[in-house]
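Participant: Here it is, the structure, as structure tokens.
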Amino acid sequence: MNLHEYQGKQLFAEYGLPVSKGFAVDTPEEAAEACEKIGGSEWVVKAQVHAGGRGKAGGVKLVKSKEDAKAFAANWLGKRLVTYQTDANGQPVSKILVESCTDIAKELYLGAVVDRSSRRIVFMASTEGGVDIEKVAHETPEKILKATIDPLVGAQPYQGRELAFQLGLEGDQVKQFTHIFVGLAKLFQDYDLALLEVNPLVIKADGNLHCLDAKINIDSNAMYRQPKLRAMHDPSQDDPREAHAQKWELNYVALEGNIGCMVNGAGLAMGTMDIVNLHGGQPANFLDVGGGATKERVTEAFKIILSDDNVKAVLVNIFGGIVRCDMIAEGIIGAVKEVGVKIPVVVRLEGNNAELGAKVLADSGLNIIAATSLTDAAQQVVKAAEGK
């Protein structure tokens, strides 16, 4: 689950980290009032969506009057913001963050993720702030500085000082950076985060450090023990198909291809997507129905896949272990009838009751293509998607 920038900054402020004075508003009139409350002669207004690249898309603007802030809010509230990180439909804007203007001297980067290889929280820092950090890591990896956090003792001040010196900070800036570093580490652990970024972390004209942005992603597996963060969830930012899948305990991720995939098991699902790619196809989704798939869940999975207008064919790849292939076959037949599937469906069944499942499909009289192997399934579904 992601948080909006204004929500992330609220958490930063609770941990004593330096953030701009600002207000999240949902009407143009409130935007003008926020400028009055903040004071000054210049403000930054930002459309709040769960995506980066807002500035280039016109979703961030420096304004010099309350009227301009009001006009910006009127222009964006209720609209959809399309950036390089969203799909073609963009994300709906229901909040505008109005905050004080910051005089920037230099931009840095500071972030943290859970590193699976070391099984530790790893902090990353760079002098290349304000830009796409993935691009920096790819083109100039030597500019990415790292600090690994020991889970037994947590982040230590000396680690913050080491990073500060490597970033070229000096004097009181080292103390400020260490305070921010330790505070972010505590925030990361307290709230079960999966990713945290301050991009940019800026050095202001007066030499002080300031958190100018906040990006927070929470580990969904830990949401049951984070009621405060659950209350911050903005469902308008969710993909409706992914939200539908979550209700049925289906693991679904929308992609940009035209071949729908329904598989039981995450590993098999990834392998299925790979072999579809290998044979020239493009998966439209990742969908794992899980080991305890039921007829109802298979039906809902079909509904989710077919809600994507780009899907031209569906590949169902089931390995029967816990789940019986004949039951899956009945679910497929029920779903095809209930949903009214008009596109080709290729099915590969292996394992528990696979032969019985194949017979159930054959006796159904429906236009379902049976595959003899995974390779055959991939080849058949790619041909079907191409209309061959």
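Every residue, even glycine, has its Cβ placed from backbone N, Cα and C.
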Participant: Which one, Asn251, Asn258, Asn264, Asn367, is listed by Swiss-Prot in the same substrate site as Gly321, Ile322, Val323?
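Facilitator: Checking Asn251, Asn258, Asn264, Asn367 against Swiss-Prot: the substrate site match is Asn264.
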Participant: From the candidates Lys46, Lys64, give the one listed by Swiss-Prot for the same ATP site as Gly53, Arg54, Gly55, Glu99, Thr102, Glu107.
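Facilitator: Swiss-Prot lists Gly53, Arg54, Gly55, Glu99, Thr102, Glu107 binding ATP, and from Lys46, Lys64 it also lists Lys46.
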Participant: Determine the mean pLDDT over the domain 'ATP-grasp' (9-244), rounding to the nearest whole number.
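Facilitator: Its mean pLDDT is 95.
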Participant: Please work out which residue of Glu107, Asp213 has the most C-beta neighbours within 10 angstroms of its C-beta, and give that one of the binding-site residues.
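Facilitator: Counting Cβ neighbours within 10 Å, the top one is Asp213.
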Participant: Within 10 Å of Asn199 (Mg(2+) binding site), Cα to Cα, which of the binding-site residues Gly55, Glu99, Thr102, Gly321, Ile322 are there?
Facilitator: none
Participant: Write down the Cα-Cα distance for Val323 (substrate binding site) and Lys46 (ATP binding site), rounded and given in Å.
Facilitator: 48
Participant: By the count of other Cβ atoms within 10 Å, pick out the sparsest of the binding-site residues Thr102, Asn199, Asn264.
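Facilitator: Comparing Cβ neighbour counts within 10 Å for the binding-site residues Thr102, Asn199, Asn264 gives Thr102.
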Participant: Considering only the binding-site residues Gly53, Gly55, Glu99, Glu107, which residue has the minimal Cα-Cα separation from Gly321 (substrate binding site)?
Facilitator: Gly53
Participant: Between Glu107 (ATP binding site) and Asn264 (substrate binding site), how far is it from one CA atom to the other, in Å?
Facilitator: 46
